[in-house]
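Participant: Dropping the structure in here first, questions after.
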Amino acid sequence: MQQRRIPSDELRRSTELLTDTSGYASITDDEKDPLIISSNGTSRRKSLIKTDAPPPPIPKKSERVVSLDAVRGLTIFVMNLVNNAEGSYEILEHAAWNGLTLADFVMPFFLFMVGCSIVFSHHRLKKRSTRRDILQKSFVRFLKLFALSYTISFLWMLPQIDLYSLRLPGVLQRIAMGYLVTVIIELFVPTFDMEDEGLGVNGYAPPEKGPMAAFWYRLAHGPFRMDDWLQHQGSLAKLARRFPSKEEITSSSLILVTYSLQWMCGLIILFLYLTLVFGVDVPGCGRGSLTADCNAFSHIDMTIIRDHHMYQGATCKVMEPPCQEFDPEGILSTIASVVSVIIGMYYGYVLVNMNRPRAILNHWLAPSIIFLSLGLIIHFFGGFPLNKNMYSPSFLFLMAGAAGIVLSLFYIVVDVYQIQKPFMPLIWLGSNSIILYFMDQITPRLISWFCYNGGDNNLFDLSQKLIYRIMGDK
């Protein structure tokens, strides 16, 4: 059979077509990391696909997820309201023991946002810094928070600083501890591989990646593929559209697999907290007592910290019978508060690993509703009521769910619909939260140094009385 002779010009065009790579996305050093920051501050996967469109522009490094600042700013605003209008309204007072007021939302919301910010910050730093460098910077920040807290205490003690009565625990100390522990977990606790070549069918992690990955793989590919089943049921097709798409379900499952060890760290910390709460034998009370005058929290703090280094204005002193000495930022409650930061860290993982707003919101709102429900169940049926002083599990989960819902709402308005101007004051507050907290704590003391004839005739008390009179308060 006679072979067809290929013309030289046709052969040349075929060779150029085979060797042409102009239509493919170029491979850079960023391909070593399968996740890159997208224009909205989240992340997406890079893939080698044929495309006629030019490569997307490199996002600005200064871009922020503005909703994080807005929620943090809202928290700072409520904190200032609580601190400066204390005694005016009952809702602005911390609950004496069990119960919940607006003032009790401040600490867990701020800790939650600390966890979100850790992930978002590290996701950018890891591009140009080693884990050791990030840990060193984080430890310096940890020390700065302690230094700020004790600076505030020293200013209030002037003109004579009595180290015997110096309060050792505190708000900034709690934030610092939660921050450092979560940073260590985020940097050094391993995650399951998320690289493209390490994924199984449909993006699920294959069984060889480990026992947790194997569990999720079987769940995804076993007989309970509810997403596929709903899509083929005809009359249920409309119902199926109300569920997350298969791509979003895959991403959600992948995130659960990837960060399952981080969740395990949170459960271990919570287990340690519960073990101490119900396992410590308190003299005269026994084990497991959760009353204001008889609990493991006061016993451990008075044994380790000593009563003269504890908070002297505990709200539980108005209870009947009153507590002896109780520090709301004591050892046990601080251990539980770390879990709030870890939960916030997971919301940050969702933010940097999902690109579409719908996917982000689906995976924020679902756990938020679960946390809210879990907190209410523990409060009403679990024998551990809502209690900010003890940072009870019911309080922890309820506040985590509430923070997740508030963050989702701000994300929709501020980041998705870009309605930012009405919230600029909150965004500014959130961008300068620690400085504003420091100024809120020391300003009354600085103003009170200016007085006339001593006593209550100082500038701070006079200003406060004037404001109350204008507002018609007593």
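Here the Cβ of each residue, glycine as well, is placed from N, Cα and C on the backbone.
What TrEMBL says about a protein is an automatic prediction, not a curated fact.
These came from TrEMBL, pasted as-is:
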- 64-185: domain 'Heparan-alpha-glucosaminide N-acetyltransferase catalytic' (DOMAIN)
- 102-121: transmembrane segment (TRANSMEM)
- 142-159: transmembrane segment (TRANSMEM)
- 171-189: transmembrane segment (TRANSMEM)
- 254-274: transmembrane segment (TRANSMEM)
- 331-352: transmembrane segment (TRANSMEM)
- 364-382: transmembrane segment (TRANSMEM)
- 394-414: transmembrane segment (TRANSMEM)
Participant: What stretch, picked from 171-189, 254-274, 331-352, 364-382, has the most CB pairs under 8 A with the transmembrane segment (102-121)?
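Facilitator: By the under-8 Å Cβ criterion, the transmembrane segment (102-121) pairs most with 331-352.
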Participant: Hey, which bits of the same chain come close to the transmembrane segment (142-159), Cβ under 8 Å, at least six residues off its ends?
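Facilitator: Residues packing against the transmembrane segment (142-159) from afar: 165-167, 170-173, 175-176, 179-180, 434, 438, 441-442, 445-446.
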Participant: Against which stretches of its own chain does the transmembrane segment (171-189) lie, if we need a Cβ under 8 Å and a gap of at least six residues from its ends?
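Facilitator: Counting only partners 6 or more residues beyond its ends, the transmembrane segment (171-189) has Cβ contacts under 8 Å with 107, 110-111, 114-115, 118-119, 122, 131, 134-135, 138-139, 141-142, 145-146, 148-149, 152, 261-262, 265, 269, 329, 334, 337-338, 340-342, 345, 437.
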Participant: By Cβ distance under 8 Å, which residues at least 6 away from the ends of the transmembrane segment (394-414) in the same chain are close to it?
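Facilitator: For the transmembrane segment (394-414), the sequence-distant neighbours (Cβ-Cβ under 8 Å, at least 6 residues beyond its ends) are 65-68, 70-71, 74, 100, 104-105, 108-109, 112-113, 116, 270, 336-337, 339-340, 343-344, 347, 357, 360-361, 364-365, 367-376, 378-379, 382, 384-388, 420, 423, 427.
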Participant: Of the residues in the domain 'Heparan-alpha-glucosaminide N-acetyltransferase catalytic' (64-185), how many are helix, strand and coil by DSSP?
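Facilitator: Helix/strand/coil tally for the domain 'Heparan-alpha-glucosaminide N-acetyltransferase catalytic' (64-185): 91 helix, 0 strand, 31 coil.
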Participant: Six or more residues beyond either end and a Cβ under 8 Å away: which residues meet both conditions relative to the transmembrane segment (331-352)?
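Facilitator: Non-local partners: 35, 37, 41-43, 65, 107-108, 111-120, 123, 169, 173-174, 177-179, 181-182, 185-186, 255, 258-259, 262-263, 265-266, 269-270, 272-273, 276-277, 296-297, 300-301, 304-305, 360, 363-364, 367, 371, 389-393, 396, 399-400, 403-404, 407.
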Participant: Mind checking which residues reach the transmembrane segment (364-382)? Cβ under 8 Å, same chain, six or more beyond either end.
Facilitator: 343, 346-347, 350, 392-405, 407-408, 411
